[in-house]
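Visitor: Below are the features listed in TrEMBL for this protein:
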type     : residues : note
ACT_SITE : Asp150   : active site, charge relay system
ACT_SITE : His210   : active site, charge relay system
ACT_SITE : Ser531   : active site, charge relay system
DOMAIN   : 43-117   : domain 'Inhibitor I9'
DOMAIN   : 141-569  : domain 'Peptidase S8/S53'
DOMAIN   : 366-452  : domain 'PA'
DOMAIN   : 645-741  : domain 'Subtilisin-like protease fibronectin type-III'
Amino acid sequence: MKSFNLLRGRALSRLRFFLFFSFMCSLLFNFSAFASTIERQRYIIHVAPANSTDIESYHRSFLPNSTAINTQEIPQLIYSYSEAFSGFAARLTKEELDYIKKKDGYINVYPDQYIPLATTHTPDFLGLQTGSGLWAESNLGHGIIIGMIDTGILPSHRSFNDEGLPPPPKRWKGICEFKTGGCNNKIIGARAFGSASINSTAPPLDDAGHGTHTASTAAGNFVGDVSFRGDANGTASGMSPHAHLAIYKVCNGDRCSLVDVLAGFDAAVKDEVDVLSFSLGFSTGQLQYDLIAMATFKAMEKGIFVSCAAGNNGPTPSSVSNEYPWVLTVAAGTTDRTIRASVRLGNGLEFDGESLFQPANFTSVLYPLVYPAANLSTNLDCVSSTGFDVHGKIGLCMSSGLSGRVDIGSLISGAGGAGLILMNPKPEGYTTFADAHLLPASDVSYSAGTAILSYINSTPNATATFVFKGTVVGSSPSPTVAFFSSRGPSKVTPGILKPDITGPGVNILAAWAPTKMNPIQDDFNIISGTSMATPHLSGIAALIKSVHPDWSPAAIKSAIMTTSDTMDRNGELIKDEQYHKASFFAMGAGHVNPSRAVDPGLVYDLGVNDYISYLCGLGIGDADVSKIVQRTVNCSLVGSITEAELNYPAILIDTQSSPITLNRTLTNVGMANSKYVAEVDVPMEVTVIVKPSILQFTEVNEKMSFTVTVSWNSTGNVSGGAEGNLKWVSDSHVVRSPLVVLART
């Protein structure tokens, strides 16, 4: 019995060990599977185009099964792209990715990344008036579909009523993911792409406000008696009030995944929108590795006009994004409307500033005026300052760009401050904003701020107050280029002038979606950015497309650029944020003039093959050109041209000594019998010869070519560059191309 008990004890011990071992193995296995799951990352896989119509099955054939890589899990396909891009997005481990790279048809892999987000008065500012001009001629954009790749939309907003709009065009292929009542004849389609969202089946509701704002700017319907907290009163509308909207939500809040952005492009191209508006900033530095370059190329190839934000990284040179030659790259400018909040000092001097905080019963009594950071090495940065005394006083602080401006006011208010003067740092110059401050405040220019600081330093008893004047129309100078608007020259396409055009992008009033994540709970909001300028141009392009449905994206782009303004409302050259003459690298060809753009007289047209020849001329090789255009290209057969030789509406030449001769071709889209004479306006250091100097057209759509020979008159090394204009002038049209000549020392 003793032996039996001993044996039984040993058996039980072995059983316990076996059960413990099995349990631990199970834990390890499950942990391994869990680890495998958390190691999965989102990738975009570029593959050769499918030979079959079952695109998804073709893409799944690249994914390994569980036995191929010795795992119990299989990779997760997120999107199967087919229209704007040849490839798919999937969640993959490193081992799975290595497996895919060995498959026939694999081209390249791109890790997912996040892309940053880049009106009652602007239609009037741009000369758009009900019942006349371009709005009458285009029937308010009737029948045109504008696709918005953004943060979604608030469909119940009154800007998206469909009064006066027809049903969607029969060619429309999109769907609506809103429940009953979300879509109508204004919003004809809406989809959400949320691979990074916890709830990937959520509807395309705007949870940031940005998408609602941009959509209403492009194509919001008429809404009467609109204001923001009593200012900027008027009738609100977008640029193309009777165009249809197709919404592609690719962001969760302000996080926009490249995987989802690409899916939005893919759907928009498949749905056959006419115009695509992209108010996100993106650039990789090389076209052959830029998925947005590829997607926008396919959109252009399908006849879709693409308008993109230049980015909010100005005024730094070469900060422009979305600089592809086949898209319109949009810079941001000011308008002549300000929400005036002036600063009156104790010495009687007064400086104009702006603020959306306009208290009706504010008494303009003088308060002590202090510079909270005076004894700190913070360069006026009140956010970095602690322990300062502003109780019952007005504080002077320095801003730090587009973001965080209202937060500075919150800090001052929390410390018991009576008000805030928010001055620009030197690089921001004279660009001021109407911010929704939480206390009496004024955003002032750098010049005004330094004068106020000098006053503070001149007396121990500095005082100030605010004079709130509400909406002021007719401010001068206007337009100017905003400080934040990204600048050229482009690093990606250095031989192409970028940005292309400037549109209104400062203090833009448009529809808003109140959400938990943003502090503005009004149904209209005033914000700034190239994100706001871009939908202005998208809507204007829709108006032109409505009048000229047969025009190519390049023709519309040429019309916008060659008819733009280089003079402001005072008849002076448009200025930048420092009130210096704005360069073409800041404003593009100029500020958009919609009424002239619909009737340009002549256009510089371009087709798909022209862009391919341009790509071949970059010297990146057949394989990389094929990546961008997503089909096999043999550059020796296609031929190549230099960047300067592309039939672009602007001329950018990089030269020092040797004369350079370029060809350009113009298409007559005006009167059949039209005579145009060349006029050149350039600095004396440059010689420009145009041959022939007269173009005599006899037919509509007739094409005529000319040459431009450019050389420097200076001897020796020439630094910097020169800017001027090449104009073709008829009795009724002026077709102007910016001409930029750079010189390397």
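Every residue gets a Cβ built from N, Cα and C, even glycine.
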Visitor: Please report the distance from the Cα of Ser531 (active site, charge relay system) to the Cα of Asp150 (active site, charge relay system), rounded to the nearest angstrom.
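Guide: Just about 10 Å between their Cα atoms.
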Visitor: Looking only at the domain 'PA' (366-452), how are its residues distributed among DSSP helix, strand and coil?
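Guide: Going through the domain 'PA' (366-452) residue by residue, I get 23 helix, 20 strand, 44 coil.
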Visitor: What's the number of neighbouring CB atoms sitting within 10 A of the CB on Asp150 (active site, charge relay system)?
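Guide: The answer is 32.
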Visitor: What does the DSSP secondary structure composition of the domain 'Inhibitor I9' (43-117) look like, as residue counts for helix, strand and coil?
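Guide: Taking the domain 'Inhibitor I9' (43-117) as a whole: 14 helix, 26 strand, 35 coil.
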Visitor: Rounded to the nearest angstrom, how far is the Cα of His210 (active site, charge relay system) from the Cα of Asp150 (active site, charge relay system)?
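Guide: Just about 7 Å between their Cα atoms.
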Visitor: Looking only at the domain 'Subtilisin-like protease fibronectin type-III' (645-741), what are its DSSP counts of helix, strand and coil residues?
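Guide: Residue counts in helix, strand and coil order: 1 helix, 58 strand, 38 coil.
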Visitor: Cβ distance under 8 Å to His210 (active site, charge relay system), same chain, sequence separation 6 or more: which residues?
Guide: Leu117, Asp150, Thr151, Cys251, Asp254, Ser279, Ser531
Visitor: Just to confirm my parser: what is the rounded mean pLDDT across the domain 'PA' (366-452)?
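Guide: It averages 84.
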Visitor: Hey, what's the Cβ neighbour count for Ser531 (active site, charge relay system) at 10 Å?
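Guide: If we count other Cβ atoms within 10 Å of Ser531 (active site, charge relay system), we arrive at 29.
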